[in-house]
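According to TrEMBL, the protein has these features:
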type	residues	note
BINDING	Glu4	substrate binding site
BINDING	Arg88, Leu89, Gly90, Arg91, Gly92, Arg93, Gly94, Tyr95, Tyr96	ATP binding site
Amino acid sequence: MQDEIETDEIIKDIFRRGKTCFVPRYRFQSNHMDMVRLASPEEIASLPKTSWNIHQPGEDEAREEALSTGGLDLIFMPGLGFDKQGNRLGRGRGYYDTFLRRCEQHQQAKPYTMALAFKEQICDQVPVDEHDVKVDEVLYEDTP
């Protein structure tokens with residue numbers, strides 16, 4: 001989204017390194033999200049846009065789903081704000097928290113979670129509840 005770190009170059013690098021890349025596909029009538037395989041970095045621009053202005057494969061489009069083929073090693077986590085304890089303030093729907101709980105049930109090891117943030121998104125403390133899952137690392141530029 002507009003207020004999030006741009007990931008195009010990261011996605012291109014994933015493909016240059018011969019890795020497999022999955023992107024989120026949200027079901028807007030619920031808090032369900034799948035991670036589905038991306039064929040190439042160029043494909044993103046051709047995907048339909050959601051009402052949130054996010055490119056994603058259509059719900060009826062058949063795609064390889066990460067949890068059905070072994071799971072994920074790394075997930076980049078979006079958010080509005082983060083604290084240095086790994087707490088994340090999302091957009092309130094619970095898509096990523098719910099998906100991470102599904103990961104725990106379907107794959108042997110939990111994926112490493114990393115938030116990419118602007119330094120302005122780093123807070124002393126963000127509000128959390130029992131459903132929120134901490135991120136393993138928050139990466140941001142901290143220049144004096």
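Using N, Cα and C of the backbone, Cβ positions are placed for all residues, glycine too.
Automated prediction, rather than curation, is the source of TrEMBL annotations.
On the structure: features taken from TrEMBL.
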residue: Glu4; record: substrate binding site; CB count, 10 Å: 16
residue: Arg88; record: ATP binding site; CB count, 10 Å: 24
residue: Gly90; record: ATP binding site; CB count, 10 Å: 17
residue: Gly92; record: ATP binding site; CB count, 10 Å: 8
residue: Gly94; record: ATP binding site; CB count, 10 Å: 18
residue: Tyr96; record: ATP binding site; CB count, 10 Å: 24
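Arg88 (ATP binding site) sits 13 Å from Glu4 (substrate binding site), taking the Cα positions as reference.
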